[in-house]
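Asker: Before I ask anything, let me first share the structure, which is written out below as structure tokens.
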Amino acid sequence: MAAGGLSRSERKAAERVRRLREEQQRERLRQVSRILRKAAAERSAEEGRLLAESADLVTELQGRSRRREGLKRRQEEVCDDPEELRGKVRELASAVRNAKYLVVYTGAGISTAASIPDYRGPNGVWTLLQKGRSVSAADLSEAEPTLTHMSITRLHEQKLVQHVVSQNCDGLHLRSGLPRTAISELHGNMYIEVCTSCVPNREYVRVFDVTERTALHRHQTGRTCHKCGTQLRDTIVHFGERGTLGQPLNWEAATEAASRADTILCLGSSLKVLKKYPRLWCMTKPPSRRPKLYIVNLQWTPKDDWAALKLHGKCDDVMRLLMAELGLEIPAYSRWQDPIFSLATPLRAGEEGSHSRKSLCRSREEAPPGDRGAPLSSAPILGGWFGRGCTKRTKRKKVT
């Protein structure tokens, strides 16, 4: 035994005492928790005495309860009543008219009307997986631009919106007719694969989801560049990755737009990811010089306290009212006029079997030769950019 130290038996005895105290503390915590769940009138004198002697534990448990309730409220969807929503839309319309430089930030909530599930909503992919429920969705290539997508395109045509920054990978902004220069798809586009060996990078727009074989840190699609023969890669930025491609991420334009914006409209985004991008929020500017923020979302967002106005409503409902208030007609989406067909690079001979995803057709009756895609149906989400997100969340759930 070292001088002044404890013997082995003394250390073991001290450890037993420590564990006993911890167990006694846990048991006391359980007792106090059970008592706090009772109404005050139902508590016995002995229970009242125990609470009085355990003030620190009572404070800790009450704090935990408040935090749980707060998190629960944040996940709830709240809808403004129709009259209140119309009043807020009138205020939003005034802001849109008076904005000198309006930038729109969009999230998964603008595509739920196209049958593409979001992640964090009450019926979102991660929410359902956390509840142990299965997740299914229709073929994502069957999705079409929603009323919100088409409204944004019209607002850009009317020079009321200068730029769109999107978290979505579904390509619906591109397919709505919004110019490539007006979009920053920060997390990629499921229809675009690129050759990073060519300078500048050579893009290939396809009429099918190119991400069937790709995953986190594994981006090769199985096809090669028509010019240099290098393996093509998808453009998706998965959770845990940092996007490095110039296009379609277009970070340079997003940063420039944010720096010039005097108004930002957030549509259908939880902002839990976008809030982590300081360049989008002009945080280096004094508060008085930052853009005014307008948020459309049914749930709480971490930017609510900074918003000039929060509208609790579905994106399509709000945009329908907004366009009416602005006196603008919402263009109907036309599959025949979808820009993706003029932008797309056809597969070369021998590449037809390089994917099994359903290809887009100009009409639903038309099917390209060799297309092995299944008809529109609700089925488990497997593979691709969306399926990988589901798989990753499932793995996290098992670990925790």
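Using the three backbone atoms N, Cα and C, a Cβ is placed for every residue, glycine included.
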Asker: Pick from ARG242, ARG372, ARG388: which one does Swiss-Prot list as asymmetric dimethylarginine?
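Answerer: Swiss-Prot annotates asymmetric dimethylarginine at ARG388; the rest carry no such entry.
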Asker: Taking 1-27, 55-81 as the choices, which stretch does Swiss-Prot tie to region 'Disordered'?
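Answerer: Residues 1-27 are the ones Swiss-Prot records as region 'Disordered'.
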Asker: Centre the Cβ atoms of CYS195, CYS198, CYS225, CYS228, go out 8 Å, and tell me which other residues of that chain have a Cβ in range of the Zn(2+) site.
Answerer: THR196, SER197, ASN201, ARG202, HIS226, LYS227, GLY229, THR230, LEU232
Asker: Which has the fewest other CB atoms in a 10 Å radius around its CB: SER111, SER115, GLN167, the listed binding-site residues?
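Answerer: Looking at the binding-site residues SER111, SER115, GLN167, the Cβ with the fewest others within 10 Å is that of SER115.
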Asker: Do any residues at least six apart in sequence from CYS228 (Zn(2+) binding site), in the same chain, have a Cβ closer than 8 Å to its Cβ, and if so which, in order?
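Answerer: Listed in sequence order: CYS195, SER197, CYS198.
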Asker: Of GLN167, CYS225, LEU298, which binding-site residues come within 10 Å of HIS187 (active site, proton acceptor), going by C-alpha to C-alpha distance?
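Answerer: Those close enough are GLN167.
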Asker: Quick check for the class: what is the C-alpha distance, in angstrom and rounded, between GLY107 (NAD(+) binding site) and CYS225 (Zn(2+) binding site)?
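Answerer: Counting only the Cα atoms, the answer is 31 Å.
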Asker: Fewest other C-beta atoms within 10 angstroms of its own C-beta: which of the binding-site residues CYS195, CYS198, CYS225, LEU298 fits that?
Answerer: CYS198
Asker: Whole-number answer please: how many Å between the C-alpha atoms of LEU298 (NAD(+) binding site) and CYS225 (Zn(2+) binding site)?
Answerer: 43
